[in-house]
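Comments concern the structure below.
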Amino acid sequence: SVGFKAGVKEYKLTYYTPEYETKETDILAAFRVTPQPGVPPEEAGAAVAAESSTGTWTTVWTDGLTSLDRYKGRCYHIEPVAGEEDQYIAYVAYPLDLFEEGSVTNMFTSIVGNVFGFKALRALRLEDLRIPISYVKTFQGPPHGIQVERDKLNKYGRPLLGCTIKPKLGLSAKNYGRAVYECLRGGLDFTKDDENVNSQPFMRWRDRFLFCAEAIFKSQAETGEIKGHYLNATAGTCEEMMKRAIFARELGVPIVMHDYLTGGFTANTSLAHYCRDNGLLLHIHRAMHAXIDRQKNHGIHFRVLAKALRMSGGDHIHSGTVVGKLEGERDITLGFVDLLRDDYIEKDRARGIYFTQDWVSLPGVLPVASGGIHVWHMPALTEIFGDDSVLQFGGGTLGHPWGNAPGAVANRVALEACVKXRNEGRDLATEGNEIIREATKWSPELAAACEVWKEITXNFAAVDTLDP
């Protein structure tokens, strides 16, 4: 009947619409749905669409005051996951009007806000989002992007080199600045505050900023290269975060840093706007991501968090190494690395990309490879990530037997050797070790590094794997 009829009704009657043709303004989502036993996949998919858009558990008379057909999310396709029992990919289309312009916060609150605790589902994972051009255009995106960053730094044709200062907690500001200076002096482009360095009793932020700025300017003067240190502006309040970013700008340093998941998307977007307006680069760390993205059947895949960061704004983001100590399977990692860097990315299920994404010239983000990597990984990293990346060696620089500066020299020599060989047409995948060995002949620092790390590998199976 057309009239209002109270009572509970099945979601799929309203929200499962296999005949629906998606619009180019729709936000499309791919969910991995694991229904409770006895719940049909269509009902589970429809429930996800309903609970993340206009639905509630019962019919309400106020539904008659609006056009549900115009505003409801629709589950338009369901496919079983190969090799998994009782797992399905449910595709949901959301009308653009459901979302506030320029707000990643609102987008996530809508799409993943409530539905993950839903009783009819055993587990739920957001695998991918297609952001329509009309929504992309409401975001500023990265403060500067890859090309502008290269122009600011005057560094071309190679990956950039970084190093996280260790021990991450406990150094005084003066000693911390000294470690920064030695790394930059030795040949690195950047050094980095660890993600949990904010403003603690043993080192307050203002002291750290001051000594790091001194290290930057001294090493710049001595090397003739532009240097940077990611000054972590993450703080307990947005106001305090902005205060730190403003102080960094007053010191004249090139780059600040933010933990975008723990700090939150609202704070991150504010900081990104400030950075563009004031010429600061913005380095993004993904602390807390594994709590959200590590389980294969529940949570949010990192490729979605990466897309969200490109919208919210950041010039660098940590994105796994493929070869080090932290998670990252090659094809999947390269899938979201391309989503960060490229302007147009075709749907490619072999790399976990569920939708074609057009960024309409939104600036790109440099992926940062960091975590358990050292000189022997350099050929693989250069091969996998290409020029537009930041390779970050923490222990792989500071663990050098002769100290930080020689550790930095070793990494820079290894990188230059790999880039030179690649440009000469050599195959880094097969000749990588040979290229590094040749370079050790004219770099005692590299030879010493090769000796220390020759045996270390972190061999565990990746958790994040593709479906068969």
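Every residue gets a Cβ built from N, Cα and C, even glycine.
Swiss-Prot lists Lys5 with the feature N6,N6,N6-trimethyllysine.
Annotation source Swiss-Prot lists substrate binding site at Asn114, Thr164, Lys168, Arg286, His318, Ser370, citing sequence analysis. Less than 8 angstroms from the CB of His318 (substrate binding site) sit Ile284, His285, Arg286, Pro367, Val368, Ser370, each of them six or more residues away in the same chain.
Reduced to three states, the DSSP call for Lys166 (active site, proton acceptor) is coil. Sequence annotations record features per position, and here Swiss-Prot assigns active site, proton acceptor to Lys166 (among others) based on sequence analysis.
If you take the C-beta of Lys192 (Mg(2+) binding site) and look for same-chain residues 6 or more apart in sequence within under 8 angstroms, you find Gly162, Cys163, Thr164, Ile165, His229, Tyr230, Met257, His283, Gln392, Gly394. Taken from Swiss-Prot, the feature Mg(2+) binding site applies to Lys192, Asp194, Glu195.
Taken from Swiss-Prot, the feature N6-carboxylysine covers Lys192, and the record attributes it to sequence analysis. Secondary structure at Lys192 (Mg(2+) binding site), as computed by DSSP, is strand.
Cβ-based neighbour count (10 Å, all protein chains) for His285 (active site, proton acceptor) stands at 28. Summarising the annotation, Swiss-Prot assigns active site, proton acceptor to His285 (among others).
The site 'Transition state stabilizer' feature in Swiss-Prot is assigned to Lys325.
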Excluding Lys192, Asp194, Glu195 themselves, the Mg(2+) site's Cβ centre has within 8 Å the residues Thr164, Ile165, Lys168, Asp193, Asn196, Val197, Tyr230, Asn232, Met257, His285
Min neighbour Cβ count (10 Å) across binding-site residues Asn114, Thr164, Ser370 flags Asn114
Listed in sequence order, the residues of the same chain lying six or more positions from Lys166 (active site, proton acceptor) whose CB sits under 8 Å from its CB are Asp194, Gly394, Gly395, Leu398
Densest Cβ environment (other Cβ within 10 Å) across the binding-site residues Asp194, Glu195 belongs to Glu195
The sparsest Cβ environment within 10 Å, among the binding-site residues Lys168, Arg286, is found at Lys168
If we take the residues Asn114, Thr164, Lys168, Arg286, His318, Ser370 that the record assigns to substrate, their largest CA-CA distance in Å comes out at 37
